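J.: Have a look at this one before I ask anything.
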Amino acid sequence: MSVSSTTMTAFSEQRLVEFKRIVEGYLLSIVCICGLLGNVLTCVILSSRIMRKSTTNIYIFALSCVSSCILIGFLLTHGIRLTFHAETFYRHIFTSIFPIHITFLFMQIYLTVIVVLDRCILICSPFRDQKRRSPRHAVFIVLCVSLCCILFCILFWFEFTLIKKDNTQVIAVSKFGAHPLFRTLIGKYLYFVFVFLNPLLTILICKTMIIKKLYTVRRRKYSLGNLKKQNRSSNAINFLVLSIVFVFLVTQFPYFIFNVLYSWFGPSLMTNLHAEQYLAINNLLLVINASSTFILYAFFDRKFRQIGQHFLFCRPLPAGFDAQNSVTRMMLLNRHASTFVHHTKSCPASINLI
């Protein structure tokens, strides 16, 4: 019986190695490379003078930069390691790459929260804090979020260490990482609250409010016979943000569940072969999420496509492209302001949202 069980265990471990090589090696590497190219193009396009006037674009620019760092981290710790059997390389970089990677994952979560929160405020309360919705204020918020994430993840630098075992360096949990206070306070409660509960509830509430408001506005326009008078640019950004949030929830929720389980059970969870397979699939989903911004932007935003073609294929922008956007933006602001001052019966937030 012992020989049979040992044989089955060895067979299961071999299947796990092959499974991880396909999922985290080949597939993950391909998605990472494509995602890096897409994120670089997204950053180049959003950094243009025309696009960086919007606070939403600034937040998504920061999100694309962070996503690129996440893809590089996955490529170093998973793609190269499993594709080229670079275990020695992996052991040398793990203790440095792991806390940095965790920090960028944390930034990605809260930058997504900022994106949906910014759009929720614009749609549901368009006249609240108008002065604070400036590009400079958006950059300040991005820096504050990044700083908070860095401070929160400082302790993860001390969670793992390298030890010598049979003349070979092995990654192991450090004394600090194995301390009951660290595992209880950081691993369970703080991680569950700040990485799982708070961002998930905020995103779900904001997304529900956005969908409800857009649906109400559309019904009001339909009843007034003004359904054809739509602001396509604002409409595209609304759908873009909702699609980014949808992809984020679909790809991140399984990873949230795994991290909650890991925070409660600790490293012993990884002795389960099914948990290893589940983690490999979750890592691939995270890479897909980090690579999706360019595709979603190119699909929903016509202005993004035009500027992208201008950068890639040297196609001239349409005549009066920048002036047209400036005039449209001023007309929308004036229309919002006049509606707000005169307190008309129609809902001010409903103007040009759909």
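Yeah, the Cβs are placed from backbone N, Cα and C, and that goes for glycine too.
Okay, these came from TrEMBL:
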TRANSMEM  26-46  transmembrane segment
DOMAIN    38-297  domain 'G-protein coupled receptors family 1 profile'
TRANSMEM  58-77  transmembrane segment
TRANSMEM  97-117  transmembrane segment
TRANSMEM  138-158  transmembrane segment
TRANSMEM  189-215  transmembrane segment
TRANSMEM  236-258  transmembrane segment
TRANSMEM  278-300  transmembrane segment
J.: State, in range form, which of 189-215, 236-258, 278-300 has the highest count of Cβ pairs under 8 Å to the transmembrane segment (58-77).
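T.: So the stretch in question is 278-300.
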J.: Can you say which of 97-117, 236-258, 278-300 has the most Cβ pairs under 8 Å with the transmembrane segment (26-46)?
T.: 278-300
J.: Residues sitting near the transmembrane segment (138-158): Cβ under 8 Å, six or more positions beyond its termini, same chain?
T.: 55, 58-59, 62, 98-99, 102-103, 106-107, 110-111, 114, 118, 174, 176-177, 182, 186, 190, 194
